[in-house]
Every structure is written in structure tokens, then in C-alpha cells.
Ligand SMILES: COc1cccc(COC(=O)c2cn[nH]c2)c1
């Protein structure tokens, strides 16, 4: 998978070269290219923002740099024609990102992330970008960040770890929260007793059927308690 990131703070993404995603890049599973949006400005101050038409506080990101950058990155830049890229703009006004979104995006060949700053990006950029690829405005949740970089980091990690070969043991991707629509069961490791607190006996029983049932009960109980919104109407229905 090729992932392009456009940001006025490209060094935000230095962290992605570490650990898991770092190895994925070395092995060629992920081709991550982080670019500074200011590289597509032409004035001395490398200006990327201006005042909003219609007034209002703050600044809006100018369309010109975005248009030039997207033409180069998302346009058919002479490389072998592959599927059109999916162009993602993190935004508080976007669809909510879930594990389902991550799974769907992990199947794509080419993702482009456009990190907004200030009060946002000129709306015409999203319209123009839809001629170059599938445009998705995606929100991590109902809160506002100062820019799209943190949301992009989170999405790249959530998507990247689902790409076959990135995570050593794919089994570890199966039993985790949201994979089966429920929160994950509690985990324990040695010592069996720690500060007067013991590991649930069932987990020491060696009875794999009982352990599986106990874990499923824990998933349902936790989901009911912390995230009832995830449960279908009838919480005993198979998820
Ligand atoms: C594209 O325009 C803007 C404007 C303002 C902030 C941002 C950054 O994204 C978020 O704030 C966000 C993402 N998920 N939840 C919140 C983008």
C-alpha cells in the first residue's frame, strides 16, 4: 500500500517510522510518503492560508497549494495506472472512523491523507479532489483538534496494522475490541496473585471450553456496561 500524507507539519509523522509501521515500510509493505504542503506554494512566505469570505474568525487554507499537490500526488503522475486513490481529509464534519472503516481502507492500494489546519480547507478542494479519487471526510470523534495530523496518525496506525504481514501474528488481530462488534475480554499474566489480587480461577483451569465461555460473557458484560450502543437490540443475539 502506498500512503501519501500532505501536511504543513510533516515532522509530526516522524513517529510512524518507528516500530511496527517502521518495519512495514522497510519491508515495502507500506510505502509512506510525507510531503510538506508548502512545497506547492510560490510566494516568499510560502503562504497556505487566507481570511474567510463572508467574514468570521480564523483563517482558511487556500485552494491553490492543495490543487497543485493533489495533481502531483493523486493525479496519474506517470506511474503505472492503479486504482484511483482514496483521498482522506480528517475533519470534525466527517463520517466517524470505526474498525469497519479501517478494515475497508486496509484493502486499498493508495491512500492520500490531507491534513487541514486553521478553520479548515477551502470547500472547492474537496470538490476538485473528487475528480482525482474517492474523497472521504473522516472524523475520529465528536471533538475538535487543531489539525488533521493526529487523526491521520491514528488512522494510519489502525489501517496499517490490518495489512497482511504488518503484524507478526495475525491471530492477535482477531480477539480484540471491535473485531467482533464487542469490547475485548480482560487479560491477565503472571504472577497468579499480585498485591492480594488473584487471576480468575477459570483461566488457570485448563478447561478451554469454560475459558472461552467466560471470555464471551466478559465481552458481553463489558460492552453492556461501557458501550451499550454497540449492542444490537437483543444483546444475547449472536454478534
Ligand atoms: C479539514 O478541516 C479541519 C478543520 C479543523 C480541524 C481539522 C482537524 O480534524 C479534526 O479536528 C478532527 C478529526 N476528527 N475529529 C476531529 C480539520
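Note that Cβ sites are derived from N, Cα and C of the backbone, with glycine treated the same way.
Between the candidates 114, 116, 165, 168, TrEMBL assigns the S-adenosyl-L-methionine site shared with 140, 141, 142, 143, 144, 145 to 116. TrEMBL lists region 'Disordered' for one of the ranges 190-214, 215-239, namely 215-239. Contact annotation for binding-site residues (116, 140, 142, 144, 145) versus ligand 1: 116, 140, 144, 145, each with CB under 6 Å from a ligand atom. Each of the binding-site residues 140, 144, 145 was scored by other CB atoms within 10 A of its CB, and the lowest score goes to 144.
Counted within 10 Å of its Cβ, the other Cβ atoms near residue 142 (S-adenosyl-L-methionine binding site) come to 7, all protein chains included.
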